[in-house]
Amino acid sequence: MTDHSEFDSVSGKTTTGHEWDGIKELNTPLPRWWVICFYLTIVWAIGYWIVYPAWPLISSNTTGLFGYSSRADVAVELANLEKIRGDKMAALGAASLADVEKDPALLALARAKGKTVFGDNCAPCHGSGGAGAKGFPNLNDDDWLWGGTLDQIMQTIQFGARSGHAKTHEGQMLAFGKDGVLKGDEIVTVANYVRSLSGLPTRKGYDAAKGEKIFVENCVACHGDGGKGNQEMGAPNLTDKIWLYGSDEAALIETISQGRAGVMPAWEGRLDPSTIKAMAVYVHSLGGGK
């Protein structure tokens, strides 16, 4: 049989016999070791299809000869972990808050569990570290609208504030301007008076006596004499440097005119009692708990 192979004079290799615009292609076979490895991978893939789950079906998939399922393994591990956690969380749930504080193991468990739950449920409003934001209280300081003891914190988490729960904290900042209780100039005057309570500068020439009179007639009932606040009503202390909605004149005018009524959701029914207790312990440990 006649061999019509054409050799390339430079490389000494045969060409494929094809030519495009004067360009010829060398016939360079793949290395034998590479070809062997390639076929071995095909054999391995076929074996994998047979042994392990591989092909999707209409409502399931092929299970393979080994019947292996990583999902089943994960489910078993999660069940084991849940059992371990369940026993520990049951002990946490059975203990009082005072007992949790006295037991190092339960306290560590509550803080660890509380931190995780806080990150999943509370961080979107209060921040990952509980530092808060405008309209969302800072949980690291010692300024508490509804009280900062362990029991008070747990009650707030359970029932929320203005959440609609039967046991929720009620109380809101009235809209003195919107409801026509105070006129515009009166709101400006009392806003400056409120700023003066915490040592903030006031508008030049404002009538302090008039501001105090307006405050006594309209604000003392909730915020108390001197503006020290009232935790039973969720009324903030107006004499410190902590302001939930801002301390500048414009922010205070808006607050007095339009009112404030932020909502804290009730977590009872969403989280189990042990988890709520753990969250209360964690929040209390952030630095501002009393």
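Cβ atoms here come from the backbone N, Cα and C positions, even for glycine.
Outside the topological domain 'Cytoplasmic' (1-32) by six or more residues, the chain places 38 with a CB less than 8 A from a CB of the stretch. Sequence annotations record features per position, and here Swiss-Prot assigns topological domain 'Cytoplasmic' to 1-32.
What Swiss-Prot lists as transmembrane segment is 33-53, and the listing cites sequence analysis.
If you look up Swiss-Prot, you'll see 54-290 marked as topological domain 'Periplasmic'.
Annotation source Swiss-Prot lists domain 'Cytochrome c 1' at 109-198.
Applying an 8 A CB threshold to same-chain residues 6+ apart, the list for Met264 (heme c 1 binding site) reads Thr156, Gly160, Ala161, Arg162, Ser163, His169. Per Swiss-Prot, heme c 1 binding site is recorded for Cys122, Cys125, His126, Met264.
Taken from Swiss-Prot, the feature heme c 2 binding site covers Met173, Cys219, Cys222, His223. Other C-beta atoms found within 10 angstroms of the C-beta of His223 (heme c 2 binding site) number 22, with every protein chain shown included.
According to Swiss-Prot, the feature domain 'Cytochrome c 2' maps to 206-287.
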- Query: If you count the C-beta atoms lying within 10 Å of each candidate's C-beta, which of the binding-site residues Cys122, Cys125, Met173, Cys219, Cys222 ends up with the smallest number?
  - Reply: Cys125
- Note on the structure: Counting every protein chain shown, other Cβ atoms within 10 Å of the Cβ of His126 (heme c 1 binding site) number 21
- Task: Provide the three-state secondary structure of Cys125 (heme c 1 binding site) computed with DSSP.
- Result: helix
- Cβ-centroid neighbourhood (8 Å) of the heme c 1 site, Cys122, Cys125, His126, Met264 excluded: Asn121, Ala123, Pro124, Phe136, Pro137, Leu139
- Task: Within the topological domain 'Cytoplasmic' (1-32) only, compute the mean pLDDT.
- Result: 79
